[in-house]
Amino acid sequence: MSAAVACLDYFAAECLVSMSAGAVVHRRPPDPEGAGGAAGSEVGAAPPESALPGPGPPGPASVPQLPQVPAPSPGAGGAAPHLLAASVWADLRGSSGEGSWENSGEAPRASSGFSDPIPCSVQTPCSELAPASGAAAVCAPESSSDAPAVPSAPAAPGAPAASGGFSGGALGAGPAPAADQAPRRRSVTPAAKRHQCPFPGCTKAYYKSSHLKSHQRTHTGERPFSCDWLDCDKKFTRSDELARHYRTHTGEKRFSCPLCPKQFSRSDHLTKHARRHPTYHPDMIEYRGRRRTPRIDPPLTSEVESSASGSGPGPAPSFTTCL
């Protein structure tokens, strides 16, 4: 008797476990017209579309098969009628679950694996397909399972985020120095003024000895360069001063302006005059000791038009050399 009671208790426990694992079939509310109300209340009817498993994570595949346990004796059934009712209810639920799968024409999903996930951008959003725990698996982009996921580095504050999910940390770095920059020129140290004036109280010094000799004549009052023009007894300490004075007698004007026909006897007078022209440039005038080639400006538009019409162009700029 004790073995039969233990068997019935075990059977009742199995029934309760199977009932808790199975799908619950709710009764549908009656339609407004009253038609089709009894069809949904039948125990063996197919469940509605809302009760069918969706494309999300699958639930239990099917109702597990009940263990084959010998039916209780009539005496035991009278002693425990609730066990008999539980067994009958479990049989009805098992048969109704199998009939629903056969009527719907869909094979139950295998509980060991997932089906192909539906892309989120095509069908429905991920929040409707799966809960928060499974949304990452369904909405993940199609990629190789062997390729490791590379986490993106956090973007620095203020740096623009690059397209594709990469951080813009590399953009915040300073610009690289140009590789083809011109090399720096060495600073030219000026030569020392070695020729100092020997007279007391005079601190002047010169690069050349000839310049020092000319300066010493200012202390001694010596004027070795005298003018040989008739009735002219002027004397000078420097030869260039004598040459400049001599032109006042001859009237020679060897310094001509490159922008106009004017001529001058002194180079400083020419420079002062040439600066008044708006198109003047220092390279237009050659002085003694200048090594650069003078720059010749292109002819003006008016001169080009006049030469094309047949008239001769204006006088070409002449370059002279100072003594």
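Every residue, even glycine, has its Cβ placed from backbone N, Cα and C.
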Problem set entry | Stretch carrying zinc finger according to Swiss-Prot (options 225-254, 285-314) | 225-254
Exercise. So what pLDDT does the zinc finger (195-224) average out to?
Worked result: 90
Problem set entry | Composition by DSSP (helix, strand, coil) of residues within the zinc finger (195-224) | 12 helix, 4 strand, 14 coil
Seminar exercise, completed: the zinc finger (255-282) resolves under DSSP into 9 helix, 4 strand, 15 coil
For this session: Work out, from DSSP, the number of helix, strand and coil residues along the zinc finger (225-254).
Result: 12 helix, 4 strand, 14 coil
